[in-house]
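Participant: Annotations for this protein, taken from Swiss-Prot, read as follows:
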type: BINDING; residues: ASP49, VAL50, VAL51, ASP68, LYS70, GLU120; note: GTP binding site
Amino acid sequence: MRCLRIRERRDLFAFPYPIAVWREPPRSLEVVSDLALSYGVEHIYTVGDVVTKNFLDYGVTPTSAAVDEKTRRGLPVEQHRKFQRVIKVVNPPGYITEEAWAAVEEAVGGGVLIKVEGEEDMLALAFIKMAPPRSLVVYGHYKGALIAVMVDWYRDAIDRLLQYLEKC
């Protein structure tokens, strides 16, 4: 993949797409777990420190995850022990670098924690684009919701959204 960055229409990327769960943990994770069970989800990918920590605390180890080791809540997050491999990448805010694309491509196979120097938020798009069928990508919305994206339902919409990103 190539490097992409947000140049305009940031509003399109801030909207809480697909399923927004406006509940605190552990209820939010129960809702997402029920959704995954109901639809036969085989892989769950998490993006974000708090989301990943909450899944692990609830006893659900994601297939793979991306974190930047920074949280708005200032919570310490240690999740590297649950993953077979750690990949470190540089990914500035608003970007998906080639290095980050490559890490996500490897991570969709499972067992990978991507540690991002910069910001991991945009990697949710890369996971949605590359995850296998029957996958769920979960991330936190800045206003407090847990967002769950059924990859099979939204991959085409994300492909269209990626067209708004500028090559870098």
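Numbers here mean position along the shown chain, with the first residue as 1.
Quick reminder: no glycine exception, Cβ is built from N, Cα and C everywhere.
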Participant: Please identify which of VAL50, VAL51 has the densest Cβ environment, defined as other Cβ atoms within 10 Å, among these binding-site residues.
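Facilitator: Highest number of other Cβ atoms within 10 Å: VAL51.
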Participant: Drop a 10 Å sphere on every Cβ of the binding-site residues ASP49, ASP68, GLU120 and tell me which sphere holds the fewest other Cβ atoms.
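Facilitator: Comparing Cβ neighbours within 10 Å for the binding-site residues ASP49, ASP68, GLU120, ASP68 has the fewest.
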Participant: In sequence order, which same-chain residues at least six apart have a C-beta under 8 angstroms from LYS70 (GTP binding site)?
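Facilitator: Same-chain residues close to LYS70 (GTP binding site) (Cβ under 8 Å, separated by 6 or more) are ASP49.
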Participant: Please find, for ASP49, VAL50, VAL51, ASP68, LYS70, GLU120 as listed binding GTP, the greatest distance between any two Cα atoms, in Å.
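Facilitator: Largest Cα to Cα distance for the GTP-binding set is 12 Å.
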Participant: Secondary structure at ASP49 (GTP binding site) (DSSP, helix/strand/coil)?
Facilitator: helix
